[in-house]
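Annotated features in Swiss-Prot:
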- Ala97, Glu117, Gln118, Gly125, Ala190, Asp221, His236, Met288, Arg298, Met299, Gly300: substrate binding site (BINDING)
- Cys219: 2,3-didehydroalanine (Cys) (MOD_RES)
- 1-48: transit peptide (TRANSIT)
Amino acid sequence: MATLTSSICSKPKASVFDPHKSSFHGVPIATQARLSPVKSTPVNLAVTAAAMPYDLRSFKFEPIKESIVSREMTRRYMMDMITYADTDVVVVGAGSAGLSCAYELSKNPSVQVAIIEQSVSPGGGAWLGGQLFSSMVVRKPAHRFLDELGLEYDEQDNYVVIKHAALFTSTIMSKLLARPNVKLFNAVAAEDLIIKEGKVGGVVTNWALVSMNHDTQSCMDPNVMEAKVVVSSCGHDGPFGATGVKRLRSVGMIDSVPGMKALDMNTAEDEIVRLTREVVPGMIVTGMEVAEIDGSPRMGPTFGAMMISGQKAAHLALKSLGLPNALDGTYIGNLHPELVLAAAADAAEIAEA
């Protein structure tokens, strides 16, 4: 049985990607330290330039044929499309929930993960905090996930603050996309679902710009990507939001998508994690899309639920794949139940929600 490391374990084993670092050895910084100005160290440009192995005044790149650049990009992308045409898990939406899900899933090197993101820039709304401010507020105990990523933060009694939300998003993306079992297909939209015999079996894809212009162009047929599990993390309602659950409603697999209620942070974050689940066979819903399908309150500019909902979705996917996971006791390690289910009721209540 494989041993994996997760921030939802109280005594994590060594990570398969960083055997010298525990998930719990983060680097929280006291608030007062943050308020002290940081002075840069003067750099001696003369010494630096002298140590360089080349002369910047006559710098030249190695020559290359333009066709080689084209072939390298095309060949590698086509190989990725072939490789991930039939994959283990497709995560639709690369916001904070989708990225957290893919990060947790891909710790198991045997699980092949494709991420579909309609935007050129992944990250969803997690590049900034509320109202375009910089800081990201994360309520405890989700700070354990930040510890695992090695992120610095200012620690308060019940929450922590990252000085810029982009630090979280850029850090998790750099760690995630370096893994050999992960491929991000950005600027690609999931236009539809593959559904066979009452089970979701993949997604229908197209270039995002094509999807946005179907009414102005002639028919441009899509492509497909089969998957054993689809994780829908498309966010709240919008042109490309909540598309997974809206499609389930339109084909009659669920009854309604009532939409999220007015803001209530304390209720919202617990509910989003608790209600993260497999809504129909083959499809798990995570992040703010959960609020759309269940009529939960919106949570506003706090991000802990996105991270832990994504982690929970990952373990639901692992369970569906028959692999060790934190939900059925097969995962190695002592669990922090609050990080798996938050304010969780029993499985029957979640299934009926």
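Even glycines carry a Cβ here, placed using N, Cα and C.
Put simply, Ala190 (substrate binding site) is 17 Å from the residue listed as '2,3-didehydroalanine (Cys)' when counted between their Cα atoms. When the recorded positions Ala97, Ala190, Cys219, His236, Arg298 are compared by the number of other CB atoms within 10 angstroms of each CB, Cys219 has the fewest.
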